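Engineer: What follows is a structure written as structure tokens; I'll ask about it next.
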Amino acid sequence: MEQYQEENNQDDETDSFIPQVEGVSEIKDNPNQKLRRGISSFASFTLCFSNAAIIPSLFIQMGFGFKTGGPVVMFWGWIIVGLFTLINGCVLAEICSTYPLSGAVYQWAGILAKKKDSPFYSYLAGWLNFTFTLVSMVAIAFGIAKIVVQYMNLKVNLRGVSNSYLQNSNQTAASNSTSQETMVYIDDDNQLDILWIVLTSIIILGLWSIQNLKKVDDQGSASSGSGIFQIIVVIVILVSIFAFSPKLSSTEFVFTKFYNGTGFDTSSHFGQGYVFMIGLLSASFAFAGYDAAATMAEETKNPHQAAPRGMIMTCVVSLIVGIAIILGILYGCGENIAYIVDGPRDATENLFDIVFSKNEKLVAVFTLMLTAASFSAGFSNVTVISRMAYSMARDRAFPFSDHLKQLDPVTKTPKNAIFLIFLVSSLFCLLPLLSTTAYTAITQTSTICAQISFIIPIYLKLTVRKDTFKQHPGFNLGRYSKLLGWIALIWLVFSTITLLLPTEIDPVRGFTWSNFNYTPVIFALIMTLALGFWNLPAPYGAKHFFKGPQCGKEYYESGQEEEENITSEGELEATGGTKML
């Protein structure tokens with residue numbers, strides 16, 4: 001195989017998609033390329049940044065962070081996880097530069113695996129990443145809906161009960177408020193509250209889906225606007241925290257205070273280390289979705305450079321923005337961890353209570369501002385997962401794949417895949433009506449699915465393709481590729497194991513059904529379903545009809561050719577024979 005031509009290293013907005021390798025054509029001649037290429041380099045970054053949803057994730061995970069180690073773990077843990085995530089992002093970006101294909105990890109796993117294993121690895125990576133993106137999208141919609149319903153309860157009384165009842169049922173909250181209005185708090189056991197949240201979640205998902213029916217150029221512009229808006233919201237919130245907070249926390253508190261609300265014994269160094277380790281989970285939950293630029297590579301201009309840059313810039317900007325947000329949270333809380341964790345509302349609104357001295361109007365304004373930023377970030381979630389679904393349907397990984405892979409003739413968007421995403425995610429939104437505990441466990445499990453979907457291509461690149469993987473000049477790690485690859489792999493395995501550990505215990509009763517970590521159980525169920533569908537008898541089992549990625553066939557066949565040549569040469573050296581031409 002010939003090396004990539006030098007002109008591919010030019011930073012231009014060409015239509016070149018496939019590396020200039022002998023025997024491989026450009027993407028404009030590839031019959032599988034039907035998506036519209038309309039995403040700029042900046043839009044690739046903002047779409048990826050929005051999909052990562054750092055801002056809503058940090059505020060959603062705030063309460064968990066305070067309980068599992070407090071300020072010292074929240075700040076230093078964010079930096080630790082952020083740096084390792086940056087390494088992961090660089091390793092995946094290198095693969096993306098060589099294989100800029102829609103579907104990303106799904107395609108990479110199939111291309112990097114041995115020929116006989118290609119369908120299974122791509123199937124597993126695809127379904128795990130699909131599950132992660134779907135569940136994460138629903139979780140963001142559900143979180144937004146919860147805030148909206150709480151606000152609407154305040155304004156229009158969604159529960160349909162009398163104002164006097166509301167006043168009486170919230171006397172404690174009213175007595176602590178400087179406002180004349182009384183907030184109606186969401187009760188997870190109140191089925192009417194949950195019903196309204198579910199309906200609102202489905203409406204939000206519908207709005208996101210409608211936006212994604214437009215041309216990808218429009219979606220790129222929307223993502224750019226969303227990214228800028230999110231940064232503006234962060235700046236406004238941080239400035240307001242320092243301007244309005246009646247008491248700022250001390251610097252010693254921010255950088256050194258350890259707090260344990262997990263129930264585990266931290267009298268020993270082992271106990272403190274364990275709580276610190278599980279405290280890293282709040283950062284791990286937030287640092288996900290940075291592969292979105294890779295998933296959108298087929299619709300990105302100059303994808304060999306733009307897509308990898310989008311991934312890396314997302315990791316860097318997320319790390320910096322996260323540090324700023326965490327510092328704002330820690331300084332603004334006034335060292336009142338107990339109120340953040342055990343206050344009457346969720347942790348974010350409890351923080352705003354402290355900052356704005358329980359001024360309900362200011363709390364509502366800033367909560368809705370944060371909600372708007374979260375809503376604007378959600379559009380990109382549908383964009384990314386619909387491309388994953390399209391990529392898998394293109395290779396016949398789904399039932400009715402012929403319908404799901406169809407593109408709108410005008411916008412060139414996978415409209416049927418978008419409809420499927422809306423339908424499946426709406427059904428998932430119904431789960432809290434049955435069990436909020438099961439819903440929470442599944443959302444936590446989604447991060448494990450993401451981690452393993454990243455582990456698969458990195459592992460295959462370091463083992464199966466250690467001698468045949470070709471670095472592209474668009475972006476590569478040079479001689480540090482293997483070293484950073486192993487660091488990323490070890491970190492991903494470690495953090496995946498951490499996600500399975502217990503995060504809470506009752507100091508008196510020990511582990512109970514209420515504090516049990518159901519994540520391992522849910523993950524085992526997901527894997528059982530995936531492997532069960534794979535191994536069903538013919539013709540129903542996926543292994544009987546799914547043949548692996550087909551759009552990246554050129555890459556795959558080139559890699560297989562080199563693998564076979566290396567194997568043949570090794571056999572000849574061992575036998576002392578001469579290769580017959």
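Just so you know, glycine gets a Cβ as well, placed from its N, Cα and C.
Got these off TrEMBL a minute ago, pasting:
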| type | residues | note |
| --- | --- | --- |
| TRANSMEM | 42-64 | transmembrane segment |
| TRANSMEM | 76-99 | transmembrane segment |
| TRANSMEM | 120-145 | transmembrane segment |
| TRANSMEM | 194-213 | transmembrane segment |
| TRANSMEM | 225-244 | transmembrane segment |
| TRANSMEM | 273-290 | transmembrane segment |
| TRANSMEM | 311-331 | transmembrane segment |
| TRANSMEM | 362-384 | transmembrane segment |
| TRANSMEM | 417-435 | transmembrane segment |
| TRANSMEM | 441-462 | transmembrane segment |
| TRANSMEM | 483-501 | transmembrane segment |
| TRANSMEM | 521-538 | transmembrane segment |
| REGION | 557-581 | region 'Disordered' |
| COMPBIAS | 559-572 | compositional bias 'Acidic residues' |
Engineer: State, in range form, which of 42-64, 194-213, 225-244, 417-435 has the highest count of Cβ pairs under 8 Å to the transmembrane segment (311-331).
Structural biologist: 42-64
Engineer: Please figure out which one of 76-99, 120-145, 362-384, 441-462, 483-501 racks up the most CB pairs under 8 Å against the transmembrane segment (521-538).
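Structural biologist: Looking only at 76-99, 120-145, 362-384, 441-462, 483-501, the most contacts with the transmembrane segment (521-538) come from 441-462.
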Engineer: Same-chain Cβ contacts of the transmembrane segment (273-290) under 8 Å, 6 or more residues past its ends?
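Structural biologist: Hits for the transmembrane segment (273-290): 48, 51-54, 57-58, 61-62, 64-65, 68-69, 73-74, 77-78, 80-82, 85, 88-89, 132-133, 136, 260, 262, 264, 266, 311, 314-315, 318, 322, 381, 384, 444, 447, 450, 495, 498-499, 501-503.
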Engineer: Looking at 76-99, 120-145, 225-244, 362-384, 483-501, which one has the highest count of Cβ pairs under 8 angstroms to the transmembrane segment (194-213)?
Structural biologist: 120-145
Engineer: At an 8 Å Cβ cut-off, counting only pairs 6 or more apart in sequence, do the transmembrane segment (225-244) and the transmembrane segment (42-64) clear the bar of 3 or more pairs?
Structural biologist: yes
Engineer: Which sequence-distant residues neighbour the transmembrane segment (362-384)? Criterion: at least 6 residues beyond either end, Cβ under 8 Å.
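Structural biologist: Contacts of the transmembrane segment (362-384) (Cβ under 8 Å, skipping residues fewer than 6 from its ends): 47-48, 50-51, 53, 55-56, 59, 133, 136-137, 140-141, 143-144, 147-148, 151, 154, 204-205, 208-209, 211-212, 216, 219, 222-223, 225-226, 229-230, 233-234, 236-237, 240, 244, 289, 292, 295-296, 348-349, 352-353, 356, 418, 421-422.
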Engineer: With CB pairs under 8 Å as the measure, which of the listed stretches 42-64, 76-99, 417-435, 441-462 comes out on top against the transmembrane segment (120-145)?
Structural biologist: 441-462
Engineer: Mind pulling out the one from 42-64, 417-435, 483-501 with the most Cβ pairs under 8 angstroms to the transmembrane segment (441-462)?
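Structural biologist: So the stretch in question is 483-501.
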